[in-house]
Every structure is written in structure tokens, then in C-alpha cells.
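For reference, the structure is listed below as C-alpha cells.
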Amino acid sequence: GSTPVDIHGKSILSKTGGWIAAFFIFGNEMAERMAYFGLSVNMVAFMFYVMHRPFTSSSNAVNNFLGISQASSVLGGFLADAYLGRYWTIAIFTTIYLAGLTGITLCATISKFVPNQEECDQFSLLLGNCEAAKPWQMTYLYTALYITAFGAAGIRPCVSSFGADQFDERSKNYKAHLDRFFNIFYLSVTIGAIVAFTVVVYVQMKFGWGSAFGSLAIAMGISNMVFFIGTPLYRHRLPGGSPLTRVAQVLVAAFRKRNASFGSSEFIGLYEVPGRQSAIKGSRKISHTDDFRFLDKAALQLKEDGANPSPWRLCTVTQVEEVKILMKLIPIPACTIMLNVVLTEFLTLSVQQAYTLNTHLGRLKLPVTCMPVFPGLSVFLILSLYYSIFVPVFRRITGHPHGASQLQRVGIGLAVSILSVAWAAIFERYRRNYAIKHGYLASFLTAMPNLSAYWLLIQYCLIGVAEVFCIVGLLEFLYEEAPDAMKSIGSAYAALAGGLGCFVATIINNIIKSATGNLDKGQPSWLSQNINTGRFDYFYWLLTALSIINFAIFVYSAHRYKYR
């Protein structure tokens with residue numbers, strides 16, 4: 001069944017797994033997130049300043065990179081659960097990831113891969129008079145970028161599940177270990193992001209683009225070595241065969257018997273293999289539930305099925321329940337898509353806001369591209385204080401031993417994200433009015449010395465709180481609730497929601513630009529490249545309204561959900 005094995009598929013006799021094995025996995029995730037966020041924060045600027053692409057198309061390209069790397073995580077989860085196992089999936093896709101990062105480094109290092117940079121000052125760049133990148137140069141960059149996205153897609157659904165696999169389910173402290181694991185796991189994600197937003201940005205400013213992207217490739221290479229060094233310590237789960245095939249078999253069998261009746265004289269019972277073990281490798285048996293009764297017809301055993309029925313005509317109860325669980329899980333991660341839309345918009349729009357503000361901290365002037373580090377710092381602080389402050393406070397309110405249930409944490413995160421985007425709208429209205437009043441209407445890349453960028457910290461800190469509660473709670477929820485042989489697919493739901501959030505952000509941006517702007521009449525859109533003539537505040541209020549509607553849907557879905 002779900003008994004852990006070693007890398008050779010043999011039952012584990014010696015002590016393996018635990019926190020020591022988990023820390024090797026944390027290192028891999030930290031480097032992967034460092035590369036991911038390092039690309040996301042630097043690639044827009046690289047395309048704009050070096051490849052001479054318009055800011056909007058650069059932002060959309062990066063949004064598509066973020067979306068593809070997360071939405072295609074279902075592929076990585078499928079390969080891990082069906083054929084490769086989580087360890088080999090991580091091993092293969094980290095190598096692909098490293099190849100993509102190396103390609104991007106070569107693009108930034110070798111002058112032949114970029115357009116001519118001579119006679120291209122900031123004024124020429126704003127007017128679009130710089131030499132544009134040749135089609136083959138952009139093709140090379142996009143190829144390397146999407147190879148990197150493909151590598152990230154294979155890693156993301158497996159790392160958190162593989163780390164959680166290192167803990168013994170029979171241990172009395174299993175739940176507590178799992179709760180702490182997912183908090184520390186997201187802490188490692190945050191540390192990777194903080195390094196990307198500070199050290200990598202510093203390297204770029206001091207040594208250039210090639211060194212910045214090269215540092216990401218070096219970090220990824222070192223993390224791969226660390227991951228492989230930990231191989232003897234890891235506990236593994238056997239892949240259970242293709243989960244998509246099992247899902248398809250249930251749907252086909254249920255459709256074939258759609259007219260059969262549970263009260264028919266031909267009805268023998270709901271089919272399940274005898275004995276304690278499931279027919280699905282890597283899975284325990286799952287008890288029958290009354291949800292989605294139409295799927296039960298796939299397990300409806302009739303006399304005509306015979307002694308050795310085809311799995312496309314008759315499925316076990318466990319197989320049917322796997323499909324039910326996957327269907328019941330969908331509404332919860334779907335409700336986090338809106339949070340990911342807000343995160344994606346903040347990553348680009350807040351940087352545009354920061355360009356117009358004073359980023360001095362005392363005598364220290366922070367680069368604008370460092371501003372996204374503040375959500376990471378707030379996440380780091382909250383995770384560090386989570387067990388000493390948040391858990392005791394929430395335990396008194398909810399009575400839950402861990403402070404709040406997984407779905408309650410997701411709900412808290414979604415609620416705080418509403419506050420974050422509402423504050424962003426309020427501050428943007430003040431910032432825009434200040435710019436117009438003081439004569440900065442046309443100077444959208446000139447910092448206003450008397451208006452500090454640190455007003456943005458409020459929205460950054462609030463979205464950091466939202467991330468901690470929502471994403472960590474979601475990861476733990478999906479791992480515990482997903483079927484035994486579909487843990488990676490379950491974790492891929494969270495990444496898929498993140499990817500869809502990026503795509504939805506791009507779609508919303510395009511709709512707003514076309515609906516609110518009119519070039520013929522000289523009317524700028526809400527998302528004009530000149531932030532002072534645009535209406536980012538209206539856009540943020542739109543996101544606030546969508547977030548409130550999304551939160552109401554989540555409350556309804558969470559109220560109906562029954563934990564396994």
C-alpha cells in the first residue's frame with residue numbers, strides 16, 4: 001500500500017526520512033524559488049532596457065512565464081504519481097531548469113544575442129527609438145525562458161509532497177510535524193525570494209545582467225548537488241500508475257452504466273478487491289461516501305460483468321473515491337486564483353508606483369527592483385512568530401490545537417488580501433493626485449522627493465500576511481486531503497491556481513486596456529505606461545470588488561466541504 005520504500009523500491013529497514021532529509025529538500029526549494037523570483041523581478045527590466053521591448057509586452061511575457069511554470073505543474077504531478085516517483089521527477093526537471101538558466105545567462109553575457117546598446121539613452125528608450133531585438137534574438141530568449149518554466153513546472157508539485165513524505169504517518173506527532181514542515185517549507189520559499197530581491201538585484205547593478213542570471217544558475221547547480229547528496233536519507237512512495245487513466249476509467253465505466261439501477265435484480269454490490277490492500281499501488285483502501293452518486297455506477301457490479309471484468313467497465317470503490325476526492329478539492333484551490341491575480345499585479349504595478357516615489361531609507365537609496373522584498377520580509381517575520389504569537393491567539397478564539405484549521409487559514413489569507421488591495425487603491429489615488437498637484441504628470445519615471453515609497457509597505461505587509469495563511473494552509477490541506485497515490489497531483493492544484501492567476505491577470509490587463517483606452521481620442525487607459533495619466537486606483541478597486549466576490553464563494557465552498 002502506502003508503505004515507504006528506499007530509492008530501489010525495497011521496504012525501508014533502517015531509519016530514514018525525518019527532519020534531516022527534509023532539510024536537504026528545503027535547500028533545493030530555496031534555490032528554485034530564488035531563481036524563479038530572480039527571473040520574475042529582473043526579466044521585465046532586462047526585456048525593457050536591454051532587448052528594447054515595450055514595458056507592457058515585457059510584463060505580459062513574464063506573466064506568461066510565471067503562468068506556464070505553474071499551470072503546467074499538473075504534468076510534473078502526473079509523471080511523479082504515475083511513473084517516475086517524486087524523487088526522479090525532481091532530479092530530471094531540476095536539470096532541465098539548470099539548462100534553461102544557463103541559456104538565459106548566455107543571452108545576457110554574449111553581445112550577439114542582444115540588440116545594439118549604443119546611442120540608446122533613457123530618453124530614446126522611452127520614445128521607442130532604440131534598435132529593436134531581432135526576431136531570432138527574441139526567439140532564443142523565449143526558448144530559454146520557457147525551458148526554465150518547464151523545469152520549474154516539474155519541480156513545483158513534487159518538492160512539498162516529497163518533503164512531507166519524509167515523516168512517518170504512524171508517529172503520534174505526525175500532524176504536528178506536518179504542520180511545522182509546511183511552515184518551514186514556505187519559509188525556505190521566502191528566503192529564496194528575499195535573496196532574489198536583494199542579493200541578485202545588487203549583483204545585477206554592480207556586475208551586470210550576465211552575472212545576475214549566472215548567480216541564479218550557480219545557485220541552482222549547487223542545490224542540485226545538495227539534493228543528490230541527501231539521496232540515501234530519503235523515503236519514497238511507489239508510483240501508483242497513471243492517475244489520469246484511473247480517472248478516465250471511472251468516467252467511462254460510469255457512463256456505460258448510466259442507465260443501470262442500484263435496485264436492479266442484476267445488482268450484486270459495489271465492487272472492491274478482497275483483503276486489506278488496495279488494487280492501486282501506493283494507496284490504501286478508501287471507504288465509500290455518498291458524494292457524487294452518479295460516479296458510484298462505475299463500481300456497480302452486475303452479474304453480466306463476469307469474473308474478470310475490464311477496468312473500463314468496472315472499477316473498485318477506492319478508484320471511484322479517488323475521483324470523488326479530486327472533484328471535491330477543486331473549489332478550494334480555485335478560490336485562491338484571485339489571490340494569485342493580486343500577487344501578480346503587485347509584482348509589476350507596485351514597481352511602476354515605486355519609480356515615482358522616494359526610495360531613500362535614511363542615507364541608503366534602495367533600487368526600485370528591491371521593493372518586492374518587503375512582502376518576503378513580512379512573510380519571514382510572520383512565519384518566525386507564527387507558533388509563539390499567532391497559534392496561541394487563534395487557539396483561544398477557535399479552540400483548534402493548531403490555532404486554525406487549514407480552511408480557516410486559507411479564509412484568513414483571502415480576507416487579508418482584500419484589505420491589501422483596498423489599501424493599494426486608497427494610496428494610489430493619493431499618490432496620483434500628489435503627482436498632478438506638484439507638476440509630475442508627464443514625469444512618470446522621476447521620483448517625487450517628498451513622497452516616500454515606504455507607504456507601499458502597508459500593502460506589501462498585508463499581502464505577505466495573506467500569503468502565509470492562504471498558501472501554507474492550502475499546501476497542507478491538499479497534501480492531507482489528496483488520495484495516497486495522487487499526492488503530487490493534489491499539490492499541483494495549488495501551482496495550477498497560481499498559474500491561472502498569472503493568466504487571468506494578463507487577461508484582465510488586456511481587457512482593461514482595450515475597454516478604458518482610446519488612442520484615436522488621446523484617452524489613456526487605466527493601465528497607461530505613464531502611471532500618472534492612468535487610473536491604477538480604479539484598477540485596484542476593481543480587484544477589490546472581485547476579491548470580495550471570490551471570498552464569498554470561498555466561504556460557501558469551505559462550509560460545504562467535509563474533511564476526510
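Note that Cβ sites are derived from N, Cα and C of the backbone, with glycine treated the same way.
The transmembrane segment annotation in TrEMBL covers 34-50 (among others).
Residues or ranges marked as transmembrane segment in TrEMBL: 62-80 (among others).
Feature annotation from TrEMBL assigns transmembrane segment to 86-108 (among others).
Cβ atoms under 8 Å from those of the transmembrane segment (181-203) belong to residues 22, 26-27, 29-38, 41-42, 159-160, 163-164, 167, 211-212, 215-216, 367, 369-373, 376-377, 379-380, 383-384, 386-387, 467-468, 471-472, 475-476, 479 of the same chain, restricted to positions at least 6 beyond its ends. Under the heading transmembrane segment, TrEMBL lists 181-203 (among others).
As annotated by TrEMBL, transmembrane segment applies to 209-229 (among others). Sequence-distant contacts of the transmembrane segment (209-229) (same chain, at least 6 residues past either end, Cβ-Cβ under 8 Å): 24-25, 27-28, 30-32, 34-35, 38-39, 42, 46, 50, 90-91, 94-95, 97-98, 101-102, 104-105, 107-109, 196, 199-201, 203.
Summarising the annotation, TrEMBL assigns transmembrane segment to 371-394 (among others).
Annotation comment: TrEMBL describes 406-426 (among others) as transmembrane segment.
Under 8 Å from some Cβ of the transmembrane segment (453-479) lie the Cβ atoms of residues 160-161, 164, 178-179, 182-183, 185-186, 329, 332-333, 336, 339, 342-343, 346, 350, 353-354, 357-359, 361, 366, 368, 371-372, 374-379, 382-383, 386, 404, 406-410, 412-414, 416-417, 419-421, 423-424, 427, 431, 487, 490-491, 493-494, 497, all in the same chain and six or more residues away from its ends. Sequence annotations record features per position, and here TrEMBL assigns transmembrane segment to 453-479 (among others).
Taking Cβ pairs closer than 8 Å, the transmembrane segment (491-512) reaches residues 56, 59-60, 63-64, 66-74, 76-78, 153, 156-158, 160-161, 329-330, 333-334, 336-341, 343-345, 471, 474-475, 478-479, 482, 525-527, 539, 542 in its own chain, all 6 or more past its ends. Among the features that TrEMBL reports, transmembrane segment is placed at 491-512 (among others).
Residues or ranges marked as transmembrane segment in TrEMBL: 538-558 (among others).
Outside the transmembrane segment (86-108), and at least 6 residues removed from its termini, the chain residues within Cβ reach (under 8 Å) are 7, 28, 32, 35, 39, 46, 50, 76, 79-80, 114, 137, 140-141, 143-155, 158-159, 161-162, 165, 208-210, 212-214, 216-217, 220-221, 223-224, 227-228, 231, 234, 236-237, 488. Non-local neighbours of the transmembrane segment (62-80) in the same chain are 36, 39-40, 43-44, 47, 86, 89, 93, 145-146, 148-150, 152-158, 161, 239, 242-244, 344, 348, 488-492, 495-503, 505-506; each lies 6+ residues outside the stretch with a CB under 8 Å from one of its CB atoms. Beyond the transmembrane segment (538-558), the same-chain residues lying 6 or more positions past its ends with a Cβ under 8 Å from any Cβ of the stretch are 331-332, 335, 337-339, 341-342, 345, 349, 407, 410-411, 414-415, 417-418, 421-422, 424-425, 428, 508, 512, 516, 526-527.
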